[in-house]
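S.K.: Provided herewith is a single structure, encoded as structure tokens, for subsequent inquiry.
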Amino acid sequence: MRRKNPPRIYITSVDEAANHHPAPSASPFPVGQLPHSAAGQQKQQQQQPPPIPSIDLAMSLNKHQQLDRTGYDPEETQQINASLHGMCNGLEIQQNGEHTQNLGPNRRRSSKSIFVRNWPIVSQPLALLAIFALLWGIAYSVLPRELTEPNTPFMRLWFLFVGAQISGILVSLTGLPDMLGMLFWGVLYTNVGWAEFQGLQKVEVFLRESALVNIMLLAGLGLDYDSLKRLFRFIMQLTLIPTVAEVVAIAVLSRYLLDLPWLWGVLLGLVVTAVSPNVVVTVLLRLKEERLGMNKGIHTLIIAMTSCNDVLAIFLFGVILGVIFSTGNLTSQILQGPIGIVIGLVFGGACGAGLLYLPSYTAKYTNGLRFTITILAGTLSVVGSKLIGYPSAGALGCIMTAFVAGTGWKKRIDYDTNEVEMYLDLLWKFLKPVSFSLIGKEVNFSVLEGKTVLYGAITLLVAVVLRLAFSYISTLGSDLNWKEKAYVTLSGFPKATVQAALGPAALDLARSLNATDDLPRAQTVLIVTVLAIVFTAPLGALLMIKLAPRWLKKELPETNGA
């Protein structure tokens, strides 16, 4: 009999942390607050949250460098006040196991202690840069000079990804999401004339498809069957009503402002409507540490809503994209969607079921083999669906593979040792600068029309306002107060991660099929996608952080004697 290993928790990004850190006190919304067990309270009080090496460095650094008293219980606050009082009186204190010297009223922590405290956070992106440098060194040593000289297309593509990673780190330190730095680096790269990658067009397409596969697999693993079953009606209400409103608004406005056909307008709406799990769940992790909004299951509700929204948008995007680029007669175009759905369901279900038994749960390298098969199945789903002429099956096949496999894995008693999500998240660390820099690389100011930017911004503004209004209407009938309803509504505002994966997909397909008539439309979709990321990602993260202490209630741990 296999001995159960102790749980191992890896928090390497927001998407995986959402699965490893579900709100334990969250009730099946919108039912009222559930009582806590004494054992659960004692365990929660004894465990201290570890440092979170989040991909959003700004939030984590801010968490370490500022003492926000809303995140501490009364006992912790009392300890902090005592420490500050001792500092003001020039006393020697012992805090967090670090002995500090008597430096008088203006005493500060040494730069060494600050560096050590923040090193788990900043070391991760620096490690990625080291890996990029080592890979280039190996390539320079074994590949011909025509491939590894700085001015070759291969090395220009390589410098695009390295520069995007560095830009992301620098922008994060200013308090903005790192994805903006990656995006702006891609825009700068193409407008100074460095984005000439002759002969590597297929490599670009493959890298974008890899990022899309990674996002879809993470979205599928992020779906929790039990939560969906309990909160199905309310989650569907919060997902469908705002999504339909936003997609319809964008389709109508883009038809008359951007001169896009109706199907292209729907395609643009599906790209824009997806909520960024990267931004939203990062903020929720911070709020969970501060015990804000945990008493009514708000965290669970937002995570489930975000996952379902992304899955719906990605799936329908694949269907519409397949219909747009279908080259058959009217009957085949009509059947393109349903046939693609069936193929995706069958392929994804079969791959997901196979992953429940292959490899064996007792195999030595179970996690590595599971990860490899999952990635290969998702990639085959995307590239194979294009080969057989049903690209709409690709996204659904990816999502179904991850959902079926993940649901089966979670029923195992040793699920805590499952590291597939951690490996997928590690892969996203490399694909994130690739994805955002490549989408920024398509924004060339020399061919950009001011009218497209202006009308695109107007389209986004109207559609986002309508989404927020319908999202708030969707929360009516719950036991949340108006502030909590407003916060749940606001969580659907940030757009970033999914947009980076879906935005260039139509442009890549139009280029591969040599569909010259559709190239300007695909370029318009890409431009509006970039605007959505730039406008909503930083503003959405900022609003969610600043308004949380005002709109959400703080849950204080009960004492053992209560």
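Even glycines carry a Cβ here, placed using N, Cα and C.
For 1-54, the entry in TrEMBL reads region 'Disordered'. For 20-30, the entry in TrEMBL reads compositional bias 'Low complexity'. The transmembrane segment feature in TrEMBL is assigned to 119-143, 155-173, 235-256, 262-285, 297-325, 337-358, 365-384, 390-409, 453-473, 525-545. For 164-539, the entry in TrEMBL reads domain 'Cation/H+ exchanger transmembrane'.
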S.K.: For the transmembrane segment (453-473), which stretch among 235-256, 297-325, 390-409 has the most Cβ pairs under 8 A?
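M.R.: When the Cβ pairs under 8 Å are tallied, 235-256 comes out ahead.
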S.K.: Sequence-remote contacts (6 or more beyond its ends) of the transmembrane segment (155-173), Cβ cut-off under 8 Å?
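M.R.: Apart from its flanks, the transmembrane segment (155-173) reaches 56-58, 61, 122, 125-126, 128-129, 132-133, 136, 147-149, 179-182, 184-186, 189, 194-197, 200, 203-204, 432-434, 436-438, 441.
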S.K.: In terms of Cβ proximity under 8 Å, which residues at least six beyond the ends of the transmembrane segment (365-384) contact it?
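M.R.: Counting only partners 6 or more residues beyond its ends, the transmembrane segment (365-384) has Cβ contacts under 8 Å with 209-210, 212-214, 216-217, 344, 347-348, 351, 354-355, 358-359, 393-395, 397-398, 401-402, 405, 417-420, 423-424, 427.
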S.K.: List, by number or range, the same-chain residues at least 6 past the transmembrane segment (525-545) whose CB is under 8 A from its CB atoms?
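M.R.: Same-chain contacts beyond the flanks: 56, 59, 176-177, 179-180, 183, 187, 254, 258, 260, 264, 267-268, 271-272, 276, 279-280, 282-283, 286, 439-440, 442-443, 448, 452-453, 456-457, 459-460, 464, 487, 490-491, 493-496, 499-500, 502-504, 506-507.
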S.K.: Counting only residues 6 or more past its boundaries, what in the same chain has a CB within less than 8 Å of a CB in the transmembrane segment (390-409)?
M.R.: 212-213, 216-221, 223, 225, 311, 314-315, 317-323, 325, 336-337, 339-341, 343-345, 347-349, 351-353, 355-356, 370, 374, 377-378, 381-384, 415, 418, 420, 509
S.K.: Looking only at residues six or more beyond either end of the transmembrane segment (337-358), which have a C-beta under 8 A from one in the stretch?
M.R.: 318-319, 322-323, 369-370, 373-374, 377, 381, 385, 388, 390-406, 408-409
